[in-house]
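Colleague: Structure below; questions to follow.
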């Protein structure tokens, strides 16, 4: 945390925990008898509870979206570029909620939690989660916080899929939906990359079919490889080239297999840090949730029909160099929304940063997201004044 | 509102489903939605225009008109509007057909190259005209398909479309829009209402 805090930071934040003792029925047919969700909030809920914004996180995200936990934190939350006083998602006007999804490894009930039926940790027995399951659990948290209807549900990548699911399955609870760098379904290539990542983890001898904790070890090597291959898909060819080119770590070629190129060193570093802070079973589960998401598939491949229940206003955003969830995937979604006669706006933001662009500051991105959210806040405040 | 937009505003029926091609900052759609219960979308590529639309609550989709309207099914809208964009397109003729595929009716506004001052500039001075409606120099103009009031009438007829109304005027001045005599000579801007 910087010594003098910027006026656009939410500052120090403390995560909270909500415990639920009502069972949650899951898409896989099983149920979670009880669970906990860890979440953070920024800003103040207004009297009519009409200014709440839900932030949905991506594959390796969590509830810490903005601000700092400790004064000595080096980095703020993962979406600090866009959440704060005066930022695109303005915490002076909105009450923002960011929650760690079920199956996660940052405090919400997941594979590393204790299974009440056995007294052991869940490990690989933790049920596979779907985007719909997450939305249902997030809705229970909204009930707990007294929020009947969100002014907006916002998310990027896998988070964007949750936003879509909210709009489709709980339309009366969403006024606006912002879907960033997402896709209505994964392509074969997307699933293929996920499968490489899963195989990297599952073939690590330290994985022990997911029972690594009981063997007092971690499948570090597998998780490291999974992150390395994943990370390649988050960057663009251009951004990798601009950052590393063919630069060498050493003075000359070594004719060996140690790190020689800068890009190798970078990927290894990314893999190493990730493998110590992320849970392998959670990673597996998150990639499966991505693969399974396919609302059109549940409606004979008719995406407009799948979206027909939605009543909110949509903002869809993509980034020009994103090849993981390319602009064409966002266009599919926009065209389907248009065919379904829904309120939709779309912007394709020029950025060299590939899929990662959705996390980064970008002037035009902020103008688009900020413009849309300003209108949402104006609508909220106009309605609130009308009620007083 | 600009006088040309005000005239178009009057022509749009109450409750229509409208597509506005090159909707700019969304002024027209915002007014139509607020006062005439019109629904629909604007298509735009200018980033500032898109942001202004979002702030106004106008549904705007970033789309290059030169890519056509292939993503929009037949008869999705009642009316397509295009102001000051026809002359920058690669193929205005194809766009006219596209507009009348996705809707039964369209309203098109464009600068009339045969306006007497334009003729004066080219015919007497021997220079490409620069005016309020054609503000660019020849070397940096986005206007690659300039036409006249008469040219556009011919195009509509050749493509089998029906002109149901048209007006000319000086777009910047309130109250100057009318059905003049000698429109091809005295109209700086033209607005056509065309049906299939």
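Placed from the backbone N, Cα and C atoms, the Cβ positions cover glycine too.
What TrEMBL shows for this protein is this:
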- A:157: active site, nucleophile (ACT_SITE)
- A:322: active site (ACT_SITE)
- A:355: active site (ACT_SITE)
- A:227, A:356: substrate binding site (BINDING)
- A:51-358: domain 'AB hydrolase-1' (DOMAIN)
Colleague: For the recorded positions listed here (A:322, A:356), tell me which residue's CB has the most neighbouring CB atoms inside 10 Å.
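Modeller: Of A:322, A:356, the one with the most crowded Cβ is A:322.
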Colleague: I want to verify one value. Collapsing DSSP to three states, which class is residue A:227 (substrate binding site)?
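Modeller: Helix, per DSSP.
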Colleague: Could you round the CA separation between residue A:157 (active site, nucleophile) and residue A:355 (active site) to a whole angstrom and send it over?
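Modeller: For residue A:157 (active site, nucleophile) versus residue A:355 (active site), the Cα atoms are 8 Å apart.
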Colleague: How many Å separate the Cα atoms of residue A:227 (substrate binding site) and residue A:355 (active site)?
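Modeller: Approximately 15 Å lies between the Cα of residue A:227 (substrate binding site) and that of residue A:355 (active site).
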Colleague: Return the residues near residue A:355 (active site), defined as same-chain residues 6+ apart in sequence whose C-beta is under 8 angstroms from its C-beta, sorted by sequence, else 'none'.
Modeller: A:157, A:181, A:233, A:234, A:235, A:319, A:322, A:323, A:324, A:325
